[in-house]
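*Asks:* Below is one structure. I have some questions about it.
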């Protein structure tokens, strides 16, 4: 029974295994059929690949392209495509001819629809022409030379970055640290030379320059590299920019370290050609590059990139087991994205794989002429240009025939690799973090934009970028040889030691300027003498020697002049500019009777007179009722109105001022008079000593002097001076001697010279000579350099720095002394003073006087308003009464004594006027007491001055008016008699 059961179980198991195997075979067969059906429905598109297969970029690129196509067609999106790229690889063998032959083979025999490659810029130059002829897109992910422009051929697509796109990043680094000169080290081929014009322009925009270009052949031997490095080490520049292939660059850095050029003080900057491949360099090379700064395109780290990197390392290690520790760089990512973009573009262009259109040629056609034209080329080209997607390297987009430039990352080689220290973007310049955005317009250059940098020599101190060279060429500075005015330039020869010493004001300024430069410039002074060994006769000849190349610069009292600037470049001036005339001080005004009126213009004279009269009138009004000095006969008072204000000019007034309002007006008027008289005296003094010092040189045919060799002689000729009337001088003493003799005695009547020389003369003889007339325009002293010299902008900025500093004052004091003459630095002017200089003072005085007058009139009218209310009197009668009351003394004023009032009342006691029984002398206070009068005085006074008809009374008759007038006259007479007693 057990045996039977076992047989049955075995039979069932066998049957089950048979069916399982059957279904497995069926599934495999079905899959094979589906794959064959799919292959039968897809369209193969031939694509050529031209790489240097033994180079790292070629091996890595081919591996990434194959993985890109595999990943794309196995994805959900690519699996539905009807087209499939079929790669046909060719090895260019690092040779331009081999690369061209490979491209011809692919185009003629295989009729490929596109070519990916070549890897180098030199190989691409010829292949681009073939692609344009056949209308086949040439896609390169590693040919970066700017000379390979898509403008030359629209069928060239640069799926990488142009080398010129990184020059702004490099120039920003140079500007950030303030370096002004760099040395460029580049490979001697099309790739190396392509970046030069773009880098030069970028540096010029930040006022920097390429001091030296070091060209290294592609296959240079070690001795050639060592010789070039020795030359670089002997120069002053310590900032080196390296643009070359990785293999040649590794040699240079290894030898540079052996020569000690990777120590403190050096700056090395590498372009992306080397920075992109740092992770694939030997550790020994990385060790020799410690402290190097590099720039490379920024590739964001994504999960997709990390997964691909892992898969690529496994696949590449399997295909190349002899290559250990292979590292993927950005060129591999661009190769991956290029293949993906091409696969997408082929599908979009509906490429059917049509054959080339053959050209009609004769039987003697060459192999190249037999290449046909792709019918699908134009559509495929437009499809590639319009393809955009998110690739491994970032956003893939072709703009103007090349990959759109991303942000650049700035790296620092430290330890076993590179560390990011910042970024550069077109919008914000250098920034520390891409998440940060500048809040200001323009690029920021803040010192916090970089992370910590380790420079060569393992230091964090920023190198200054230059040193004193060991055997660098010195600039030959031409200086004039002259006997006079040695304070500016003085040349001393020591014949015992055969040495020459150059000193002077101009020399000290030049030394300070050169010390202020951000780099070192070696120089030596070379005196300029004529062929016969004499002194410098013409500064034009000296400057022209600079144009001829005899000197590298000219320093001295050299004036910036228009005709000289046509063949040399001048820096900014470091002295005052202008040509002035100096004449002896002579008093020729003693016979001029009316010279005293010239200090003021007629408008100011007239305004002053009117203001004097107005102030006199106001003072009289304010003082007439309360001050005995301002009373008297009419003509006496009129004379007083004119006398009093004019007497204040010398403070000779004898009248006492008692009114507070008048005192207020007078205080302000004293200020006006003081300023006006002081200004008048100063102007009169200037007129008497300067006005007539300017001789009419041209009319009187006088002799004038100028400094020997100066351009002033030409200036005087333009001013119509006769050349026979010009006399040169060489020293200040000779100039003074000529002036002292005068024109009639073999001397000169005036001197025309530049302001610095004039100041030197007047510093010693300011009591005898002075500057007169206008200052003629000139541009001052400047340093001359050859036309287009890159030193001119830097030296000009240094000139500004020195002239604005205290050091310039110290130099002037050291050579010219401290000036004691106030008129030695400016041309005095004898122009009359005008109203525009004093109208503010007159306004203040008039406003103050008017205000005081208004206050007085308001108070007076308030006290006598009852007169104006007498409507029964004609208006002119009321005005007459007011005027009569104004002319009377104001007895309420403290200035009048009580005795005067008592005498007046005593006189009235004999008059026939009503009195109360107690109206007698006892009503007044005793003269010996200070007590006020009794109340009866007030009532009695009111009775005396009370007008009949007031307070509702009957209108006064003619007789009553006469009586009142008589009473008032008698009171005034009594008081006047008492005052005269």
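Cβ from N, Cα, C; glycine included.
Sharing the features that TrEMBL gives for it:
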- 12-32: transmembrane segment (TRANSMEM)
- 474-818: domain 'Ionotropic glutamate receptor C-terminal' (DOMAIN)
- 600-622: transmembrane segment (TRANSMEM)
- 664-682: transmembrane segment (TRANSMEM)
- 766-821: disulfide bond (DISULFID)
- 838-860: transmembrane segment (TRANSMEM)
- 918-929: compositional bias 'Polar residues' (COMPBIAS)
- 918-967: region 'Disordered' (REGION)
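Just tell me what is around each of these and how deep it sits.
*Replies:* Outside the transmembrane segment (664-682), and at least 6 residues removed from its termini, the chain residues within Cβ reach (under 8 Å) are 599-600, 608, 611, 615, 618-619, 622, 645, 648-649, 657, 833, 837-838, 841-842, 844-845, 848-849, 852.
Within the chain carrying the transmembrane segment (838-860), a Cβ under 8 angstroms from the stretch's Cβ atoms is held by residues 604, 607, 611, 614-615, 618, 621-622, 661-662, 664-665, 668-669, 671-672, 675-676, 679, 886, all 6 or more beyond its ends.
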*Asks:* I'd like the number of other C-beta atoms within 10 A of the C-beta of residue 766 (disulfide bond), please.
*Replies:* 18
*Asks:* Across the domain 'Ionotropic glutamate receptor C-terminal' (474-818), what does the mean pLDDT come to, as a whole number?
*Replies:* 82
